[in-house]
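The annotation FAD binding site is assigned in Swiss-Prot to F24, D45, W54, D65, Y71, V118 on the grounds of similarity to another entry. Sequence annotations record features per position, and here Swiss-Prot assigns site 'Transition state stabilizer' to R335.
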Amino acid sequence: MNIQTENTKTVGADFDAVVIGAGFGGLYAVHKLRNEQGLNVRGYDSASDVGGTWWWNRYPGALSDTESYVYRYSFDKELLRKGRWKTRYLTQPEILEYMNEVADHLDLRRSYKFDTKVDGAHYNEKTGLWNVITDSGETVTAKYLVTGLGLLSATNVPKFKGIDDFKGRILHTGAWPEGVDLSNKRVGIIGTGSTGVQVITATAPIAKHLTVFQRSAQYVVPIGNTPQDDATIAEQKANYDNIWNQVKNSVVAFGFEESAEPAETASPEERERVFEAAWQRGGGFYFMFGTFCDIATSQVANDAAADFIKGKIKQIVKDPKVAEKLTPKDLYAKRPLCGNNYYEVYNRDNVTLADVKADPIAEFTPNGIRLESGEEHELDIVIFATGFDAVDGNYVKMDLRGRGGVTMRDTWKEGPLGYLGMMEVDFPNFFMILGPNGPFTNLPPSIETQVEWIADTICAMEEEGVQSVEPTVEARDAWVGTCREIADMTLFPKAESWIFGANIPGKKNAVMFYMAGIGNYRNAISAVKEEGYTSLIRDRTAEKV
C-alpha cells in the first residue's frame, strides 16, 4: 500500500521524485518538493528514523563545532521561537531532537520508508524515468532522483591482519550501537581526526586505560563550548535575519565575522595577541578564519598559526617525548579541529599515545593490537575513528546508472567530478545534495542553498514542460576546473587530508570542494538560474512507452 496520498503528476511514474536520505538534505528536499511544489515524493533511508549522520554517529562526545544558532535551517522561524540551546555547540542528542521536531512540524515521515536501503538507480531513456531499486526488493519509478547520501557517511574501516581473531569488541564511530559502556574498559582508539578528538576526550576520563593510535599529529585548539544563557539566546533570535544574511555571504558559514586582516603584515606581537584571544574563545574554524584572512593561503601566516599551536602543545603536555609525538610536522591546512582539553588528555596516567606512523600496527591479536616493533597493547574494545570515504564514497558504492547505462563508478574512476556539486553529465534529472565540488563550509547553510536551487530548477523544468535536464560536458568541466584553480590558490592541497581523499588507500587524490566560500558559491549558482539555465541540456522529446 502506498504511503502517499498525493497524485503523481508525471505520467507513468510511481512518484514525481525519489529522495534518498533523511538527514538535513533529504528532509529539506522532501519539504520543498512535496509541501511547497505539490509533487508526489517518496523518501528512503537505511536508518530507522530521521537524522542522517546524526542518527548513526552516537559515539561519546559527538557534537557539532558550529555555533548552535546556525547549525539548523534558516527558514524555520516557528521552531526558532521555541528553540533553546544550552551551549555554544549542539550535542548529537540535541541535533537529533531538533531534526525530529522538524520532521514532526513539517509532517515529513509520511513520505519516507525507513530501514530501507537504496541499492541502485537506473535511468530508463525510453520512459525518461529513474528505476529505483531497494534492498527490500521494491522497485519504484520517478522522474527526478535527489540524493542526500551524506558528505561524511560512507564509513572507512581499515583492513588489518588478524582482526577477526580479536576477542574484544570492535566499533566504528560512524555506526555506533546503543548501550555501549566504555567505563572501566581498556579502550583503543584508532584515528585522531575531528571524530577521534571528540571520542578521545570523552573516553579518557571513564576508561580503565585508553590507548590512542595516532598516524597523524593534529593541530587542535580548545572547543570553547560555553553555556548560553537566556539573554544571549534572546539576542541571537532577535538578530536572526542579520546573522543569516552574514552567514549566506560569508566564506565558511560558521556564524562569526571572518577576519579581513592578513597575518603576513601583522607584527609578531599582534599575531600573538590575536591568536591567544582566539585560543581562549575556542573554535577550530574561528581560529583559522576568524583571526586572520590569510592563514589558509599564505605560508608566512600559516607558519605563524602553526607555531602558536605548537607552542601550546609544548606548554600543556608535561612529558616532552609525548609532546613531540603530538606536534604536527605538516602545514596547518586540514579541516580545523577543536576539542575539550585534548592535549591535557595525554597528561593522564591512564592514557598511552602510540605513534603508528613511526611504529605501524602490524596485526590484531586475540587480546589486542601488536605494533611492528613487537609491542602489544591489550584491549577490551577497539574504536575505529577512521572517518569516511568522503563526498563520493556512497555514490560509487551504489549501482547508479545514467544515460546509455554509464555508471557513476566509471564516470568518476579518475576522481569525482560534478557540476555545481549537484549534477553530473549523462545523469538526467539527477540532483545531488553535497555532491563533489560543492562548497567547503558549515553544512546546513550549504544544504539549504543547494536544495533551494534544486527545487527551483525542478520547478522551472516542470513549468517549461522539460522531460529531462543535465549539464553539458563543457559546463561540468569548466566548473571542475574552477574548483581546482581555487584549491590551488590555498595551502590545503599541500596537506594529506580526507578533503582530497588521502585517507582512503588506493583512492586518487582529487579536488572535491569549491573553496571560494558560500557567498561566492551562491552567486555562481544564482547566475546559472538568471542566465536561463544555458549550461544545462533540456530535452522535451523523451519517448513514452
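Glycine residues also receive a Cβ, built from the backbone N, Cα and C atoms like all the rest.
Here the recorded positions are D45, W54, D65, R335; the one with the fewest Cβ atoms within 10 Å of its Cβ is R335. For the recorded site, D45 (FAD binding site), the DSSP three-state label reads coil.
Neighbour count (other Cβ atoms within 10 Å of the Cβ, all protein chains): 23 for Y71 (FAD binding site). Around the Cβ of F24 (FAD binding site), the same chain contributes G52, Y73, M99, G148, L443, P444, I447, each under 8 angstroms and 6 or more positions distant in sequence. Of all Cβ atoms in the shown protein chains, 25 besides its own fall within 10 Å of the Cβ of V118 (FAD binding site). Of D45, W54, D65, Y71, all annotated as binding-site residues, the residue with the shortest Cα distance to R335 (site 'Transition state stabilizer') is D65. Spanning the listed FAD site, residues F24, D45, W54, D65, Y71, V118 have a farthest Cα to Cα distance of 30 Å. V118 (FAD binding site) carries a strand DSSP state (E or B). DSSP classifies D65 (FAD binding site) as coil under the three-state reduction. Reduced to three states, the DSSP call for F24 (FAD binding site) is helix. Taken residue by residue with DSSP, Y71 (FAD binding site) is part of neither helix nor strand, so it is coil.
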